[in-house]
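The transmembrane segment annotation in TrEMBL covers A:27-45, A:57-77, A:83-102, A:109-131, A:137-155, A:186-204, A:233-253, A:274-302, A:314-334.
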Amino acid sequence: MPSDTPQFEERGGWGQRVINFLHGNPTVIPLLVLVIGLAIFSMIVGKRFFHPFNLSLVLQQVTVIGMLALAQTLIILTAGIDLSVGAIMVLASVVMGQLALTYGWPPELALVAGIAAGGICGALNGLFITLLRLPPFIVTLGTWSIFNAVVQFWSGGQTIRQQEIAATAPILQWTGTAMQVGAARLTLGSILMLGLAVFLWYMLNRTAYGRHIYATGNDAEAARLSGINTRRVLFSVYLLAGGICGVAGWVLIGRIGAVSPLGGASANLDSITAVVIGGTSLFGGRGSILGTLIGALIVGFFRNGLALAGLDVLWQEFTIGCLIIMAVGFDQWLRRIAA
Amino acid sequence: MTPILSARDLRKSYGRVVAMDGVDFDLYPGEILGVIGDNGAGKSSMIRALAGALRPDSGEIRLNGEPVRFTSPMDARAKGIETVFQTLAMAPALTIVDNLFLGREYRKPGLRGSLFRMLDRGRMRAEARKHLSDLGLATIQNIDQVVETLSGGQRQGVAVARACAFGSRVVILDEPTAALGVKESRKVLDLIRDVRSRGISIVLISHNMPHVFEIADRVHIHRLGRRIAQVEPSQISMSDAVAIMTGAMQPPPNSISQEP
């Protein structure tokens, strides 16, 4: 290399290298938390904890929230937030149940209509946010109420019972079908959730669209100047998230067997919890699908482990709260020292 | 000689505020043109118009003598005009490669690209490495490093590399040394000379007079929404240039019609 060309030294040092590594691999910390948590619980609880049946039980428990958390990850990556994911999920399940049972639609068509309803709800959020330029927090707080009201209005507050669905539209319960793998019970809903995670991982990391989602959340102005249509990216993300919530509605029916207008009351915040504990930054542009899966598993295993250890439910809430604050604190610290 | 990029009588006003009051502009092939002017003189508006980020109310922009009309930065970019904005327009949490190709990623050939939309990371990596080492930035070894872990000078280097990477004819640099220390500024100035030696014409907007006078072939002086003079750094002192810029001194005669 000619000597008169400009040279830039690498900013070096051991600490800097660790920070660079954490920047490039933000999932390492939640993974560490999961592994340490598993180790501690297996010591306290013993063999029961690692029994395949218990492990698959936790997976079943986190499937619905995991699904919503996947949708929430996309939105938080764009520096947005969606408080209505749980409401969209319930709305989709009510649409499926009502159309199939009350209105006598073919169950397959009712299923598609339910997922489409989720997409429409998401598109509505997206329109308010991109066209009217309203903050996502306020928009989805509003639509959360609106979707809830629609659910109550349309279902009349009535639960559609398991037996009725099994008789008329068993396809709606398909996601609850369990397969016995050794001592573990895997539901089709869990497999659907994991399959969706693989798809979203591919989309975010291996396609230009995925890179644009990160760039839009990281620095919207920079993304715009680089030629990215940021409003289209934002709208499509809310639309896609709505559709995923629609699918989650199907998984919800499989999980509880019935269509209940009251399900998923805490699901909005639980999905955000999983995303944040999974290391995705609420400020956008930083995080991963794998992190969210790990985040959902951390919540699931901590609840399960604490319950098996015989502690009161309130300690589960307490621990999850501590994890959230630690996760956000770590994200802040990482951003500050890098600036 | 035909200017590679020129503008005649550009006008733009926002209500009563006149940002461009009949701006003329000429950039000749292979030169570094410094642009100086007081804050609020309308330099940015002119640059944004040339970069396609602002649509003038009236006036004409010509590229190689051909009239052009830019409706977005994409238009200007497609014609080979790249701009390094003062904010650098990079996503700090993305890697160097991601940023270099942001908004114009390569996809894999065949079905993997067309149906599965798969990025051709190997090709982007190889080209990124080549562009960086062409500009002597090969010491940035890890191109998968996220941009926010780079120093200010390195970031500027990556932004300049991105501008040069896409076969541009013109690179516009907005205050490239404003946020840098003495040592890093020097490297960026060397980098700018390097880019010019590859036949790319450069517009350098800067408040730093010593930097402008050191590397510019000609200097465009902006005052009150228009070009008030064009001077050669060897023919005029720095303090006179500042005096013209602030209106304390009349520009020398014939200073507008100057060609290199």
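Placed from the backbone N, Cα and C atoms, the Cβ positions cover glycine too.
Away from its own ends, the transmembrane segment (A:233-253) comes close to residues 63-64, 67-68, 70-72, 74-75, 77-78, 80, 82, 85, 88-97, 111, 114-127, 129-130, 165, 172-176, 189, 192-193, 196, 209, 212-213, 216, 223, 259, 263-264 of its chain (Cβ-Cβ under 8 Å, at least six residues beyond either end). Tallying C-beta pairs under 8 angstroms between the transmembrane segment (A:83-102) and each of A:27-45, A:57-77, A:186-204, A:314-334 places A:57-77 first. Using a Cβ-Cβ cut-off under 8 Å and counting only residues 6 or more beyond its ends in the same chain, the transmembrane segment (A:274-302) has close neighbours at 26-27, 29-31, 33-34, 37-38, 41, 58-59, 61-62, 65-66, 69-70, 72-73, 76-81, 194, 197, 200-201, 204, 214-219, 316, 319-320, 323-324, 327-328, 330-331, 335. Here the transmembrane segment (A:137-155) has Cβ contacts under 8 Å with residues 81-84, 86-88, 90-91, 94-95, 97-98, 121, 124-125, 128-129, 259, 261, 268 of the same chain, all six or more residues outside its ends. Remote same-chain residues near the transmembrane segment (A:57-77) are listed as 85-86, 89, 136, 185-187, 189-190, 192-193, 196-197, 200, 204, 213-214, 217, 237-238, 240-242, 244-245, 247-248, 251-252, 255, 264, 267-268, 270-272, 274-275, 278, 280-282, 284-289, 291-293, 295-297, 299-301, 303-304 (criterion: CB distance under 8 Å, separation of at least six residues from the stretch ends). Residues 19, 22-23, 26, 29-30, 33, 273, 276-279, 281-283, 286, 298-299, 302-303, 306-307 of the same chain, all 6+ positions outside the transmembrane segment (A:314-334), place their C-beta atoms under 8 angstroms from a C-beta of that stretch.
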